[in-house]
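The feature transmembrane segment is assigned by TrEMBL to 20-41, 53-75, 118-137, 149-176, 196-217, 229-251, 263-283. The domain 'Rhodopsin' annotation in TrEMBL covers 38-285. Annotation source TrEMBL lists region 'Disordered' at 287-314.
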Amino acid sequence: MPWIYNTVQNLDDLSSWKQITAVAVALTVLMSAVVIARLWLRLSVLGSEDWLVVTAAICSIIYNALCIMQTRYGLGLPIALRPHMDVGPYTVVCKRTRIHMKLPADYRVQYNYAGRPFYLIGIACFKISLCIGYLRFTARTTDFRFRRLTMAVIAFVIITSITFMGINLFSCIPLSKIFDRTIPGKCLPYSPANYYISACIIAADVTTFTLPIRLISPLSLPWKKKVQVCALFALGLSTTAFSILRMASIYKNANGSGDLTDLVQYGCIEINVGIITSCLPFVRRSGDQKTQSNSRHTYELERTNHSQSGGKVPVEKDEIGLRSDCEGRSASEESITGICNADRHGWEQESDDVGIVKTIEFQVRRI
C-alpha cells in the first residue's frame, strides 16, 4: 500500500517522505529524552524556565507529527507530481518554469497551516526559557546591564513571535484564499514575509546563545572551565545554522519545483536541536549538583556513624580543597558552574547533623 494517499507506488519511491519521517522521529525522541532528563534532575527545583521547555517540547512533538502527516499528502514531491485531492480547486504557479496548473486543493496545505503556530511557539519558548535561566543565574549579582539586556531579548522574542503568528495565520484576505488560490483576494508576498521571519529568528538565536559568554568571560575560573561552559551555550548556535539553511530553502521553494522538503525538514531540525541545546547547560549543572549532594549525604552518614561509635571522624577526601574552592566564588560563578551552590547549606548545617563535633584522644601509659 503506498504511503502517499491517492497515488501509486512509484511516486513513493520519488518522494522524500522516508527522509523527512526519519529525521522528525529520531530528533523528536532524542529531544524528549533530554527534556525528561532535565525534569528528573531538577525535580525538586522546577521553575518557570522548565515549564517553558516542556511547552516547547509539546509544540515540537505536535509540529513534527503534522510534518509527517504532510508527507502522506504529497510533501516530499514537486508540485507537478503531488496527488490530486477531491476538495476544492486551487491554482499553483511555479515562477521558474512559468507553469500554471489547476489542481484540487491539498490537505498538506491545511496541515502546514496548522503546524505554523506550534513551530513559532516552540521556537520562542526555548529562547525565553534560556533567558529566564540567565536572569536566575544573576539574581544575586549587581550586573543590571546584563539583566536589562536579557529582559529586552525576552520582549523582542515575544513581540516578534506574536507578529509572526499574525503574518502566518492571516496572510491572505479572505482567509479561505490560503487554501484555495482561485478565490479573489490578496495575499502577502511569500518570499519577503518568510525572509523577514527567518532573519528575526536568526538574530534572536545568535543573541540568546551568546549572551552568557559576556557573563562568563570575567569570572575567576580556570580557562578550561570557561571553555567548557561557553561551549555548552555555543552549541546553541547550531540552531542558527539550520535557521540559515531553512532561510536559503525559501528561495528554492518559491523559484523552483515548489518542493517544501528542505523548508519543513530544517524546521524540524531547528526546533528539536534548539530545545536540546537549551537544556544541556541545565542538565549538566543539575547533574553536578545531584552528584555532589549524593556524595555529601553519604559522607555525612558515615561521619555520623563513626562519631556515635566513638571512632575517629573521617575527613572527606578533597574536603579542604572543595571548601577552599567554594570560598571566594561570586554568586554568579556558583550559579553558572553549578559548584557548591546546591550544597552551600551543607557546610553551615554540618554541626547540627553530627552528634559529636569535637573529639579528644587520651593515651594512658603504665608507669
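The backbone N, Cα and C atoms fix where each Cβ goes, glycine too.
Where the annotation comes from TrEMBL, it is an automatic prediction and has not been curated.
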Spatial neighbours of the transmembrane segment (118-137) far in sequence, C-beta under 8 Å, 6+ residues away: 47-50, 52-53, 55-57, 59-60, 62-63, 66, 146-147, 150-151, 153-154, 157-158, 161, 164-165, 168, 201, 204-205, 208-209, 211-212, 215, 236, 267, 270-271, 274-275, 278, 281-282, 332, 335-336
Maximum Cβ pairs under 8 Å to the transmembrane segment (263-283) - stretch from the list 20-41, 53-75, 149-176, 196-217, 229-251: 20-41
Cβ contacts under 8 Å made by the transmembrane segment (196-217) with residues that lie 6+ beyond its boundaries: 123, 127, 130-131, 134, 137-138, 143, 146, 149-150, 153, 156-157, 160, 164, 167-168, 226, 229-230, 233-234, 236-237, 239-240, 243-244, 246-247, 250, 274, 277, 332, 336
Model confidence over the domain 'Rhodopsin' (38-285), averaged pLDDT: 83
